[in-house]
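According to TrEMBL, the feature Zn(2+) 1 binding site maps to A:H90, A:D101, A:H199. Annotated Zn(2+) 2 binding site per TrEMBL: A:D101, A:E136, A:H390, in sequence order. Sequence annotations record features per position, and here TrEMBL assigns allantoate binding site to A:R224, A:N283, A:R296.
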Protein chains: 2
Amino acid sequence: MQVGERIRFDHNTELNELIDTLAEFSETAEGERDGVTRLLYSEPWKAAQNFLARTMREAGLSVRFDKVGNLIGRLEGSDPSSPVILTGSHIDTVRNGGKLDGAYGIIGGIAALRALKETYGTPVHPLEVVSFCEEEGSRFPIAYWGSGNMTGQFDWRGGQMVRDSEGVSLHAAMETSGFGREDQIDSVRSDLGAFVELHIEQGVILERMAKQIGIVEAIVGQRRYSVTLRGEANHAGTTPMNMRTDALAGAAELIVRLEQLATRAAALVATAGRLQAAPNIPNVIPGVVEFSLDIRHDNERTLSWFCDYLFQEYEDIANRRGLALEVTPWLATTPVPMSRPLTERIEQICGRLSLNHRRMFSGAGHDAQLFAGLCPTAMIFVPSKAGISHSPEEFTAPEQLADGVSVLTALLHELAYEEHER
Amino acid sequence: MQVGERIRFDHNTELNELIDTLAEFSETAEGERDGVTRLLYSEPWKAAQNFLARTMREAGLSVRFDKVGNLIGRLEGSDPSSPVILTGSHIDTVRNGGKLDGAYGIIGGIAALRALKETYGTPVHPLEVVSFCEEEGSRFPIAYWGSGNMTGQFDWRGGQMVRDSEGVSLHAAMETSGFGREDQIDSVRSDLGAFVELHIEQGVILERMAKQIGIVEAIVGQRRYSVTLRGEANHAGTTPMNMRTDALAGAAELIVRLEQLATRAAALVATAGRLQAAPNIPNVIPGVVEFSLDIRHDNERTLSWFCDYLFQEYEDIANRRGLALEVTPWLATTPVPMSRPLTERIEQICGRLSLNHRRMFSGAGHDAQLFAGLCPTAMIFVPSKAGISHSPEEFTAPEQLADGVSVLTALLHELAYEEHER
């Protein structure tokens, strides 16, 4: 199978035009600097999904929405009951996000399906591209609402207790938006043969290593904690150094130690991203400090071991300083390996297309991680300029975006146009 | 001179009653937990000064306000033109402060003068007690407005550019409050023979060392800085440890280093009290962190040397980490020694009164530091429970408060009832 190479996207393709058009469906219309804000079930979100539905139809796909508002474009296969080859990503964004996170994987998928249909006609397997309604958790404190409903982790009847900052429940917002009706197509799928997600890296690795394509071997597991240190708030001038229990000095030692240990542990990342000190006044010794921990690794045992070891050290440090330590976990996900056969196929495709490539982990979570237990799943990354994402400055060069779509197209061709075992 | 011992205050004196009454002149009337809020030239401030004026008159003192609203009670001397022996403290408070900070020194001074008059009659030197209008800098970004006008550091005609949070200038507030008039008594004094300030320690030293009286040898010099570190805000999951410039990890190292160096330098205190990280989100590496430094010592050379050394280290650490460092000084005061002869007198008085005492530094600033260049100046401290101040929980036991007034009374007796050189 080397026909895939015949389809090669370049920076002149309509890809960038579509990405720019889609970016206009945003809450703020004050120009580039504000980036894209497209929250689940909002007006710009609805308009964006409708725009994509039209784009899918123009690409020759049949279009449907499911119960939670996932949008699916389908290129029927010659064997319509054979496992579906699915690609896509999410349409929602963080507040003031970029125009590529999520959007690129949908538009790339539509471009791939159109090109495959135009070049090769009807595939054996049905080919579908999905625009997941939600992945970011930006409006409601829940993430993966789209892929979670498709893979059975979530039930569309739920979401009554999950509310946005204005008190609107997820379920109510869904209904207002025209979804969540009994007569609509069920989200959950049992007909999938593979899922492939094309996404920007959102990191600096590909750029720094001068690679065009990242092949994801696993999506890291994550642990998030809230760490609280309690000492005594006291006068900064009248309390000698040896009579202090300074919560911020203690937190500083814990953060330095976190960095030391994480730097030693290969491929692990650990971040204290948020810190609040109280009373937070220049001339008062901080009495209470709370900070967040975000720890990620691709191996569950390493991740667990690291956290156990870290918190043992944290306890020792807090005890030595006379500070009360409280560690509250609030998120724990296990690493998700991608399909090895698909990973190898992508590697071969990159070789044939002469694209510099690199196997890597995804340090961020993605819709793909919900499919990995259900069907062979793969992710293709393209570089992110300076690693910047979730920001209006998010950028990938047009030719790099085109390269990613070329790889996706070749993989979908292999998967959908060949007869596969059932 | 051992007559002073005849006057001994105990916990049954009216001292505590007066302190409680004065605490009722406060912006918030929601009870003990909110503490005392008495900002310069506010309605509760005016009412408090008027209450003190009545109290002074009842104590047999002649009473006057000066141009900026300092309230002065005078016990005339047999030699009215001889140098005035002055005691007192400030009537204003921080927001939600305690009832002792400032107030204790005024009420203690009135009690001392009343007792001296009742016991010994007319002194040689005029004896005065002052309720300074302002010391805390709580309403306006200026401190020592009262003692500063009395000692000539400030001019009552100024304060037009200094505004409170609602945009009212200090000068306008003063006029609205009935002060700042040409026909009022000038604040500035050239007739002072000594200034003695009685104050709570606002620290833990006396309590931990089980001492009843602290004798201040010097008020520390202070340096305050704002330290800003700039790195790169990036994705916490997709940015490997060795590709980060984490401003919070950098700040943590600087704060740990601050603590290490300060602990090694005898009698120096250094505090990072306030810290703000940006964007301050759990899954984003902090790109910018700003924190405050408050560094104090009783020796100017040590203080300067410490700061120079610290910032050299800070630069090295920032350079190694690839962070941009900015250090902005915003306050610098030099240490102020108290009068050695007065310090020795207080020590002798404590001995005679069988009070455990200790020479110490004041880590906080006080009105006394403005007088030290003008006349022999002394400060007497009493313990603060758990060192807590600037808080509704500020507390000193009634018998400890009484001890402080006994020492003050004995000292004032020595100073005012003896003939001193002119």
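Placement of Cβ uses the backbone N, Cα and C atoms for every residue, glycine included.
Here the features listed in TrEMBL are painted onto the structure.
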residue: A:H90; record: Zn(2+) 1 binding site; Cβ neighbours (10 Å): 29
residue: A:D101; record: Zn(2+) 1 binding site; Cβ neighbours (10 Å): 26
residue: A:E136; record: Zn(2+) 2 binding site; Cβ neighbours (10 Å): 22
residue: A:H199; record: Zn(2+) 1 binding site; Cβ neighbours (10 Å): 27
residue: A:R224; record: allantoate binding site; Cβ neighbours (10 Å): 20
residue: A:N283; record: allantoate binding site; Cβ neighbours (10 Å): 20
residue: A:R296; record: allantoate binding site; Cβ neighbours (10 Å): 29
residue: A:H390; record: Zn(2+) 2 binding site; Cβ neighbours (10 Å): 25
- prompt: Could you state the CA-to-CA distance between A:N283 (allantoate binding site) and A:H390 (Zn(2+) 2 binding site) to the nearest Å?
  reply: 36
Query: So which of these binding-site residues, A:H90, A:D101, A:E136, A:H199, get their C-beta under 8 angstroms from chain B?
result: none
- request: List the other residues in this chain whose Cβ sits within 8 Å of the Cβ centroid of the Zn(2+) 1 site residues A:H90, A:D101, A:H199, in sequence order.
  value: A:S89, A:L100, A:G102, A:A103, A:Y104, A:G105, A:E135, A:E197, A:I200, A:H366, A:D367
- line: From A:E136, A:R224, A:R296, A:H390 (binding-site residues), the ones whose CA sits within 10 A of A:H90 (Zn(2+) 1 binding site) are A:E136
Query: Taking each of A:R224, A:R296, A:H390 in turn, which of these binding-site residues have a Cα lying within 10 angstroms of the Cα of A:D101 (Zn(2+) 1 binding site)?
result: A:H390
- prompt: Going by C-alpha positions, which of the binding-site residues (A:E136, A:H199, A:H390) is nearest A:R224 (allantoate binding site)?
  reply: A:E136
Query: Rounded to a whole number, how many Å is the Cα of A:E136 (Zn(2+) 2 binding site) away from the Cα of A:H199 (Zn(2+) 1 binding site)?
result: 14
Field: Zn(2+) 2 site, defined by A:D101, A:E136, A:H390: further same-chain residues with Cβ within 8 Å of the Cβ centre
entry: A:T93, A:V94, A:G97, A:G98, A:G102, A:S138, A:Q202, A:S389
Statement: Spacing of the two Cα atoms, A:H390 (Zn(2+) 2 binding site) and A:R296 (allantoate binding site), in whole angstrom, works out to 19
Alpha-carbon spacing, A:R296 (allantoate binding site) to A:H199 (Zn(2+) 1 binding site), which is rounded to whole Å: 19
